[in-house]
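The following features are taken from TrEMBL:
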type	residues	note
BINDING	Asn55	NADPH binding site
DOMAIN	4-97	domain 'Pyrroline-5-carboxylate reductase catalytic N-terminal'
DOMAIN	160-264	domain 'Pyrroline-5-carboxylate reductase dimerisation'
Amino acid sequence: MSQKVAVLGTGKIGEALLSGMIRAGWAPADLLVTARRPERAEELRTRYGVATVSNTEAAKTADTLILTVKPQDMGALLDELAPHVPADRLVISGAAGIPTSFFEERLATGTPVVRVMTNTPALVDEAMSVISAGSHATAEHVAHAEEIFGAVGKTLRVPESQQDACTALSGSGPAYFFYLVEAMTDAGILLGLPRDKAHDLIVQSAIGAAVMLRDSGEHPVKLRENVTSPAGTTINAIRELENHGVRAALIAALEAARDRSRELASGKKD
Ligand SMILES: NC(=O)c1ccc[n+]([C@@H]2O[C@H](COP(=O)([O-])OP(=O)(O)OC[C@H]3O[C@@H](n4cnc5c(N)ncnc54)[C@H](OP(=O)(O)O)[C@@H]3O)[C@@H](O)[C@H]2O)c1
């Protein structure tokens, strides 16, 4: 497979991907980008030394097209691209909630489509990107998508039927941790700490806990038990979390996110 890759609709996620690919060794000469506004195209050209082209030019030239416009802009982009995308081009969608069938119905019969749900830590090369093959995508196409999104973090292959659940877990996941840090920082203020100190204590604790979860290979229950001594401080806090139904709230919250993802995927916008 030739390696000319185009990023179409290079906003926050598209730029994170572009910069990650260049840092991972892609030659800027093999990368094309498109943008809606000329000043944005100029910014990308200057910052990364990549060629900026029209959407139709990208469709004709690149072997792999990565579409990173907002979901509501995808229909219009596909209308513009469809007449120009040969059926042997790999089309990778980075848009939340849009099924591969949406692309397959609008592109030439047999076009391979791969759907990827990444998350905002792509901006710091710590993304969790969940990858599913459309009906014409081969293992080689999926591997190519993994290579591209692997430039900004971890990747995981799942059947497309699990994409809504993954959106609830990792797509929206960073927001739950931000929310938790916000709430714990407020608790620190209640306990008499200045906001900046409370923030630093919680953020470093979150980083430490995340690295232990990733690197120790231990179950989270075991890691928590290690800091939960009999009649100690932690178990008193855990009792309050259980009394307030935090575990049940998290389960309900992720179920609600999964349900909303399903609704959006089926075209229900409000
Ligand atoms: N941000 C997240 O948390 C996140 C996480 C996972 C997945 N995603 C997915 O990633 C995609 C991009 O999200 P984002 O946050 O990066 O959005 P964004 O910053 O708004 O980027 C989208 C870009 O596409 C451009 N665009 C729209 N229509 C275009 C067209 N026809 N031709 C060329 N460029 C066009 C927009 O131009 P303008 O600047 O003129 O509007 C914008 O720069 C979305 O589909 C989203 O579902 C986002």
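Even glycines carry a Cβ here, placed using N, Cα and C.
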Three-state composition of the domain 'Pyrroline-5-carboxylate reductase dimerisation' (160-264), taking helix and strand from DSSP: 87 helix, 0 strand, 18 coil
Within the predicted model, mean pLDDT of the domain 'Pyrroline-5-carboxylate reductase catalytic N-terminal' (4-97): 96
The residue listed as 'NADPH binding site' in three-state DSSP notation: helix
